[in-house]
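Per TrEMBL, the features are as follows:
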REGION    23-61  region 'Disordered'
COMPBIAS  35-48  compositional bias 'Basic and acidic residues'
COMPBIAS  49-59  compositional bias 'Acidic residues'
DOMAIN    101-273  domain 'Yip1'
TRANSMEM  120-141  transmembrane segment
TRANSMEM  161-185  transmembrane segment
TRANSMEM  197-222  transmembrane segment
TRANSMEM  228-250  transmembrane segment
TRANSMEM  257-281  transmembrane segment
Amino acid sequence: MATVDDLKFQEFDDAANLLAANPDATTISIDEPGEIPKNRHSRLQEPGREEDDELLGTDDSDKTELLAGQKKSAPFWTFEYYQTFFDVDTYQVLDRIKGSVFPVPGKNFVRLYIRSNPDLYGPFWICATLVFTIAVSGNLSNFFIHLGKPTYHYVPEFRKVSIAATTIYAYAWLVPLALWGFLMWRNSKVMNIVSYSFLEIVCVYGYSLFIYIPTAILWIIPQKVVRWVLVMFSLCLSGSVLVMTFWPAVRDDNRRIALATVGTIVLLHALLAVGCLAYFFDAPELDFPAPIIPVHNGTAVITKS
């Protein structure tokens, strides 16, 4: 039967004997694989790149969160696949709306609000609400402008709903699609460009349109100066969200291409706001025919209104 001394590790005795015979001997310590410093694999970054990574959401913390939150996606022909696009609660939607109305300078809207769980619920209902708000407010504005004129007969223009729906939804889907394709194309040319997903771009555009809902209600005020002040204020808020989101993604591209990309984004956004104001609210005055008053002698008298 083995004694206690036989069960001792002979390596420790050999090491002790070696050190006693030769104090200058070198010993080697073998660490556990898990104790390897993580900094060994870290790469040196240029000054200022940490800020860009934070704005773009490309740092290691984001990668860890994305890898930890990966789920097995369902096939696109199933209902469960599209159900994930609407898997948000009220607090998330309200938080993203507040982020689009009160943008924080230097903060990326996608990284702060969208990347953890992009959705289509908010953009869809924001666009639907904006469509009916513009159509109803446009009809009310036309009614108040011509109110009191004896020759004016109010007729609701239901075609404004279809025109507003076509304009808003085309902008909220086609422009993000074109921008997503452009970023993917530039990503194949320039390595440092970060390309957002199509769903993330749709989210940014959808939530950026929320500020126009209260603005469209205030456009009922029949004062052109007030209307243009409101549209400029709303354009600055919503446009700043787009600029602060997409500028960090294209800043490493060619300077002219980056400026042209951001300029096109702002220009299309401004055309949408100004076009809605000009078509639905600043319609030209209608020329009503002067009333004809019959006279007993067979002649007619035309009065000027």
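Just so you know, glycine gets a Cβ as well, placed from its N, Cα and C.
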Reported mean pLDDT - the domain 'Yip1' (101-273):
89
Which of 120-141, 161-185, 228-250, 257-281 shares the most C-beta pairs under 8 angstroms with the transmembrane segment (197-222)?
120-141
